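What follows is a single structure, written as structure tokens, with notes after it.
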Amino acid sequence: MTNLFLGFLVISFCLLGNLIHAADGSIHDYNNSGGFTKIANARYFVGGSEGIYGSEFLDVHHASSDTPLLKGNSFIRFDDITFVRTKESASKQNSTLAAAGLVEAILFEVKQRDRVGGSFFKSEDMCCTPKVADAGSCNLGEVMISADPNDPEWPKRIPTFFKRGEEEVKMSPEAVIIKKTGLYTVYFMTCDPELDGATIRGRTVWKNRGGYLQGEKAPLKKFYASMLLAYVVLGLVWFPQVAQYWKDGIQLHSHINFVIAFTMGELAFLYLDFVYLDSAGTSPMEVTVWAITLSSMRKALSRLLLLVISSGFGIVRPTLGGITLKMLLIGVLCFVISESLGLAMQFGNISENGMNYLMLSWAILETCFIQWIFRSLSKTLKKLKLNKRNITKLQLYKMFATVLVIMVVLSFAWIYVEVYLYSSLSQFWKVKWIVPTLWYILSYAMLVLICLFWPPSEKPMRYLYVADMEEETEEEDDLSTAETGMNATKAEYERSERKTLLEAFILLLGNIPGEK
């Protein structure tokens, strides 16, 4: 088991070092992002996909990137987009074709995706074919697009042409005003086979009417602020009690202190990260990394806290014995995998196989934690049932076990909800933000209950925190009884001895001569 943990640690640390770069929110940077991917008879590059709420002012269309009309509106802006092709491609361009060297930026709402490509025309191709062109539905060399009858301007295309001999061409700076609320996607596509190997530089800026936060994440800013306030209130109640009874505290209280402190730090950095993203579209990398790191530390400490309580450490057993090292190893492993997974999900700078490895590792680790926690809890309950004087502790642990079972059931149920929401993201993107919220709410509820079950006390030795107290009391009672019995026996012996001496003395007097 230990060797398995060490193997996971080594691989996870290797992945961790390759994940960090600049932290962007709704600014999609395409530098060093690779080239176009072939699909059917076209080549495409995914520019991004985000939820955007409709603009406040609906009497505008698209405008240049520096227009004041962008203020107060939602938009997708193309900044310094540059397409680069190979020298060989530049020399082979056929200038006689109208669409030679054409690259198109395609913007569409997710529910309009069937209108991009040949699906609407019952064709497997993405680019216009002679047959469809003869029907007057598209132009050769362009991506097939069927206009939405409810909004004829969408899906939208913005063309950019390479001139003969050019290796680079810069897209004209434009900002497309988003009028309708929806989940929008940007593709860069070309139908020119000579542009195989072309790459893209630059960025797109996506802005909602209230800020740069993605529409599906915007409500999380207020949620993190609310959770931070909730933990501050918990800390204001808990920390003074721990300080007041610090001489009588137990190790469990220190674990709770760490969990509360790290969670407050995590939520503070998450909120700060979202403030930066909302105001500028980017966040300092240090803030984002600290938020992920504190989150990973909180997850590791929270799981170790449950494991320590379930094992009865400081409550029904004085030490953890030989499992201490295993607990430390699985705690470090939890931190490393969580950190790697958080960075990978935030920055995306990892291969698909690497991401799959991290996801699988996290699932295995969570399964091990759950199994270990419930197995330890079962042993603790059995130990408490053997001693009739442990009724109070037994009832407390039964309540803890019930709460833990409820939390685990809710967690598994929420995983199914999460999978369903992500599988139907085009319909439920507005509520995607609630996915991480339940985990924070469950963690907070569990921590509050633990604080209520094992609060700091003036007399912690009375019945809650020391396993040997009741046994010592029994031994003292037995010793007291034994001493009392010995004293009683000694007194009885002395009385008997005095009585025997008195009878002997009387008998002696009866045998004295002349005394008849």
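Cβ atoms here come from the backbone N, Cα and C positions, even for glycine.
If you look up TrEMBL, you'll see 219-460 marked as domain 'GOST seven transmembrane'. Residues annotated as signal peptide in TrEMBL: 1-22. TrEMBL lists 223-243, 255-277, 297-316, 328-348, 354-374, 395-417, 437-455 with the feature transmembrane segment.
Among residues of the same chain six or more beyond the transmembrane segment (437-455), those with a C-beta under 8 A of the stretch's C-beta atoms are 220, 223, 227, 230-231, 234, 238, 241, 250, 252-253, 256, 259-260, 263, 302, 305-306, 309, 315, 396, 399-400, 403-404, 407, 410-411, 414, 464-465. Tertiary proximity for the transmembrane segment (395-417) is limited to same-chain residues at least six positions away from its ends with a CB under 8 Å from its CB atoms, namely 306, 309-310, 370, 373-374, 377, 380-381, 384, 438-439, 442, 445-446, 449-450, 453, 464. Here the transmembrane segment (223-243) has Cβ contacts under 8 Å with residues 249, 253, 256-257, 260-261, 263-264, 267-268, 270-271, 274, 433, 437, 440, 444, 447-448, 451, 455-456 of the same chain, all six or more residues outside its ends.
Sequence-distant contacts of the transmembrane segment (297-316), counting only residues of its own chain at least 6 positions beyond either end whose CB sits under 8 Å from a CB of the stretch, comprise 250-252, 255-256, 258-259, 262-263, 266, 323, 327, 330-332, 334-335, 338, 369, 372-374, 376-377, 379-380, 383-384, 390, 393, 400, 404, 443, 446-447, 450, 454, 464-467.
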